[in-house]
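This report refers to the structure that appears directly beneath it.
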């Protein structure tokens, strides 16, 4: 066994030394558990990393990425060849410094921010339990796989881990097994400086089964027995606390902070080779180790073939269920699904966009079998619970409404895990827009890893009113508009809300924020779903094809202010155009010709109005234009008074327009 484990250690050491940077401590300390997990327990097909019923592995302690890359390499994944190990951390490499799911097939989730991977794993395990409850039939367990995690002390310290693991215990995710690299070492020194709680008692209180491995360095049988015990527990997730030594085998640097995030250096590498009796040149290892691992290629192919046969039989017996299931594992949307979205003619009654959002969710829930989500204890306020959904709970895992409780950060990261599990799962999560900062780390990971999560963010402005500035988003829209690969959509009425959902569902390779109003807004003549799909469009224009004198630009609940101001300007003979700039990101992706048709360069008289910071609006109003917004935190008062005090009014728009045109 030692030669298999040392192969992992030295391939990691050699790769990190060649790169000149990296984290050797974790791969050296976790090599035994990594080997036993990948070689003896996990089911996967190296030649098809996306086989549906594979076991999922998450390296939550993503800095130890070389452990995962070496295991993928040994197991026969085409994505990590020897040259990939040698190009660790290099430009264009398939082995970046931290695991990235969209770069390296075989990597399930993007990890690096500690704790994110643990919460992602909860989402993966939730998905397995949910789909198994919906689709498995007697004799046909077509959904039957485990989610394994390796996490470290840093992950354990992060609040998101406690949030997510609290839910995992509550939900009884019995196929979630987390191996805790308990090496008692942090970047600043031993964990006695900062982390002295009883992790095992905490996890027992969270509803987890806890197993101890006293010797994670050489106790191979102990590790094996712990995983076997974990798999025997069906009604609880399991934490395996594995006592390890970071940098195991390095005679002068093991169990020190220096082995965490620095190369060993040539002298220590040679000393480690001597200490562990490793006589091979860099990147070389025994031929029988290669032969041993090679069996996973045929084994994986057989596992997938057996599953395919079982599913073919299932499909004959349960045709409807199979059709629905295939849409979830392939991501193929049902034909004409968008026809289900409600319509909102201009004569429809005024309604908050959180309410029109609920109507959209109700409609989509009936036609999109992969739609699943919930709220951070605010479903009745976010209007985020479809009428056909039942609750996902330990005893009712077929439910599609996830009660996250007040755990915004874990909620977002769990939804990432759901999105990573199957292409046709469409997760959404809801809370107030002002609370989005509690979710930001997970949302940034969503954007970076191309996870199509829909963030239903209500109470999107100072119209929250009396609750005051803590609950009034001001800088949030601007902040997320600056984040790459995420759509920030702020619909003005029911029609634009329907368009926003269509845009979000179609964009499965990036997340979407829906910023929705608490207060009622009128249905506006001239809004359109097609316009939303372009990100920005002309709502009205009385210049009859000629150049307008002024362009008024609005979003969300302030579009009505722009519309009313334009009406009043037209009464005094002005040619005014109203533009809804509902999604900046999509608008910027349109052709230059289209953008020019909406916002012609020749018209420099432009006024924007949005109940948030004006930062960023200079891009659209230009140096001669005027951005009306709120460049300070809000206040506690009725919404109408706040709009007046902050100058977000029809009068302010008209005065600004008259001053520049």
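Including glycine, each Cβ sits where the backbone N, Cα and C put it.
The shown structure was predicted, so the numbers you read here are calculated from the model rather than taken from an experiment.
As recorded in TrEMBL:
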ACT_SITE  408  active site, proton donor
BINDING   23, 260, 354, 381, 459, 467, 471, 518  substrate binding site
BINDING   63, 112, 113, 114, 154, 183, 260, 435  thiamine diphosphate binding site
BINDING   153, 183  Mg(2+) binding site
DOMAIN    351-523  domain 'Transketolase-like pyrimidine-binding'
SITE      23  site 'Important for catalytic activity'
SITE      260  site 'Important for catalytic activity'
Residue 381 (substrate binding site) as reference: those recorded positions from 112, 113, 114, 154, 408, 435 with C-alpha within 10 Å of it: none
Nearest-integer angstrom distance between the alpha carbons (Cα) of residue 112 (thiamine diphosphate binding site) and residue 23 (substrate binding site): 12
Candidates 183, 381: member of the binding-site residues with the richest Cβ shell (10 Å): 183
Integer Cα-Cα distance in angstrom, residue 153 (Mg(2+) binding site) to residue 518 (substrate binding site): 41
Neighbouring C-beta atoms (10 Å sphere around the C-beta of residue 435 (thiamine diphosphate binding site)): 18
Candidates 23, 408, 459 (recorded positions) with Cα within 10 Å of residue 63 (thiamine diphosphate binding site): 23
Proximal residue to residue 354 (substrate binding site) among recorded positions 114, 408, 435 (C-alpha distance): 435
Sparsest-packed of the listed binding-site residues (23, 260, 518) - C-beta count within 10 angstroms: 260
Mean predicted confidence [pLDDT] for the domain 'Transketolase-like pyrimidine-binding' (351-523): 98
Chain-internal residues near the residue listed as 'active site, proton donor', provided their CB is under 8 angstroms and they sit 6+ positions away: 376, 431, 435, 436, 438, 439
Among 260, 459, 471, 518, which are recorded as binding-site residues, the nearest neighbour of residue 183 (thiamine diphosphate binding site) by Cα: 260
